[in-house]
Structures are given as structure tokens and as C-alpha cells.
Amino acid sequence: MAAATASTQLIFSKPCSPSRLCPFQLCVFDTKQVLSSGRRRHVGGSGVRCMAVGEAATTGTKKRSGYELQTLTSWLLKQEQAGVIDAELTIVLSSISMACKQIASLVQRANISNLTGVQGAVNVQGEDQKKLDVVSNEVFSNCLRSSGRTGIIASEEEDVPVAVEESYSGNYIVVFDPLDGSSNIDAAASTGSNFWIYSPNDECLADIDDDPTLDTTEQRCIVNVCQPGSNLLAAGYCMYSSSIIFVLTLGNGVFVFTLDPMYGEFVLTQENLQIPRAGKIYAFNEGNYQLWDEKLKKYIDDLKDPGQSGKPYSARYIGSLVGDFHRTLLYGGIYGYPRDKKSKNGKLRLLYECAPINFIVEQAGGKGTDGLQVLRLQGTEIHQRVPLYIGEEVEKVEKYLA
């Protein structure tokens, strides 16, 4: 690979087959320009730009040491051939997986590339933006734009949804959090990206007609993005930890892919994942205990009581929704971020945090709730917050809160 300047990174470059999707194509990142820019936009010139739309359709199944390795791309193509998804959605998902690979590399090299710490800006929700928040948002946005298959994209880091330029525009809407748990970056703890995908819908509860600050395009974006989780076509997340894990559901089960550093491909490692029953782990931020409702306090206190079994629940909390939920998905138990006296509506965002992981957990045999099923809620604004309890023990906490 050709040498790059200190501020420019060349990631996942590999020759491209002339047929259909490519295994890797060159994405160039000028991180200095991205971090120094004001209003974030689709960067041309020497900024962040993604020239890839997906992974290889021609690599097929790789075999190693007598085991058959099925890549994410070959798995997506099988879903397409079976009529589960169409070719356009295959390209969108491939573009998302490419963005995740690039973000994984940026996260792993954050200390080397001076991408730790805050950017000095505040996002629409009043949160200090980390440098990697800004760069990851550009990576995700531009990979989706360059796929040519997305019409509207909405991000945690943007004030309003963005309509993709007409020359690149497609049919799908993608809502995403480019880097969940970014407060963990400096400590090299787990972070992740999550997303969901659906088709346009002209019905929305958002009252935008009287807002003079939104132009026609932005109004159309909001109308299309505010949809109930039951309209989802696909949802997933990518966790950046000791392994890079890509979890995906198309509404027909939960499938787990692990990034193989030898091939640079996501490889299928678990299929039709089901959340274990009778898990003994709870994940709540108990630093907020004094702010909780008395009913919730009683529930948590009872989890700590050994009872007749002599085995109390174990507390595990990372502070990254993706990391905490992934552990809950594998080991069972419950994850919760309730409303409290400080955050009366909860803290997690419905559209790009709660709804996607709730869709995943229901496909895995679990449940998510805020008192109603989160999957059925329809947002009234892009960054709407809701409380969340999710896992395989949700009915128990519902009884306490009733």
C-alpha cells in the first residue's frame, strides 16, 4: 500500500473484481479536515469519501483447515437468492459492513492517530462530541451515500435527517448511531455502531408543519424517518472489542459474524442465535440508584438477594449499549436504562438505539419494553428518548413496575 501522510489513512485496499461488488475498495480519510470542519456534510476533495459500495460477491465460501467459512457477502447473496432481500438491500448492508470495518480500524488506532479526547463541539442532544464521533459519522454517512441505494439517512450526530443527493439517491432509509459508547474510547473499552433500515412511509406523528426552520427536504426526511419498529427490514450492530462482531437480523433470526483479520472479511460464526433462559446477570447503571423509582429499587435489591438458591445475580455494566446488550444476548439476564428523576423520559434514543436492539432481541426469543413494546412505538421526533428494559427476564421487571 502506498505511503500516506500523517493525517491521511488508507484503509482496506484490495484489487477489485470487475463483476458486481468488490471485496475492498480504497477509502481515503483526511482526519484533520474532518475534525476541523464546521457543519458536517458530504465531503469532497481531500476529505472523507468512501469509494466502496460493498464486499465481494465473487469470493464465495472460503475454506480453511477443513472448515467451511461463509462470509457476510456470500450469506447476503444467499438471502437475496432466496427472496428474503433484494439486490439493493444487499448493497446497503455491504456498505454498512464496509463502514464498520473502517471504524474498527480507526478505533483500534485512536491513540496512535490522536483521535482520542473531545472534539470541542456539542451535538444536538447537548453531549460533548468525541473526535471519533465526528469521524465515524462521516465514514458511515459517506459509505451509505456512495452505495447509491439510500434516499434518507439519519444519525445521532446530526440535527435532522439528510436527503441523499439525487444523483446518489436510492430507496432505503437508514438510521444509525455511528459510535455508541464513545465515552469508553480513551479507556479502550467496548464501543459499537448500531443501525436499522426500512422503506419510505408518508405517515408520521411528528408535527413539523409549523416549524419555519425546516425546509421542504428536511420535512420530508422527518416524515419518512419517524416509523414504528414493526416496519423494520433489517437491524444490526457492530461491536468493536477484542473481536469485531457484526450482528444482523433480516426478520428471520439473528446471525453473528466475526471479522477475520487474515481475510479482512466478516465470517459467519453463529446462526439463529437464541438468548439463554434463566440468565443471572443484570446490567444497570447503579450510580443512578437514588434517582430511581422505589419499585425499581425493590427489583434491583431482590436481584442481589441470594434467596433459596444461594446465588444472587451478578452485576455487569460497561456503559456501552452495544457492549452491554451483546453480553445480555449471549448470556441472558436483563439490561436496563430506566427513566429517573433526572432523565424523566429515559436516556436512550428510540429510533437508532432502542428499536434496533429490540428487533434483534425479539428475533432471539427475548423481549424489550418501556412499559409497552418498544418495537411497536412510533417516534414523534428524531432524537426521542425512552426508558428501556431488554433481555429474557423482562416480564419479571414489568411485574415490579406495574
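Cβ coordinates are placed from backbone N, Cα and C, and glycine is handled just like the others.
The substrate site recorded in Swiss-Prot comprises ASP180, GLY181, SER182, SER183, ASN285, TYR335, TYR337, LYS347 together with one of TYR168, TYR198, TYR299, TYR317, namely TYR317. When GLU68, GLU294, GLU353, GLU362 are compared with the Mg(2+) 3 site residues ASP177, ASP180 in Swiss-Prot, the one appearing in that site is GLU353. Record check: Swiss-Prot places ASP177, LEU179 at the Mg(2+) 2 site, and the matching candidate among GLU156, GLU157, GLU158 is GLU156.
Under the three-state DSSP scheme, CYS226 (disulfide bond) falls in the coil class. Remark: of the binding-site residues SER182, ASN285, the most isolated position is ASN285 (fewest other Cβ atoms within 10 Å of its Cβ). Note on proximity: of the recorded positions ASP177, LEU179, CYS221, the one nearest GLU353 (Mg(2+) 3 binding site) is ASP177, by Cα distance. Taking a C-beta cut-off of under 8 angstroms and a sequence separation of 6 or more, ASP180 (Mg(2+) 3 binding site) has the following same-chain neighbours: THR191, GLY192, SER193, ASN194, TYR237, SER320, LEU321, VAL322, GLU353.
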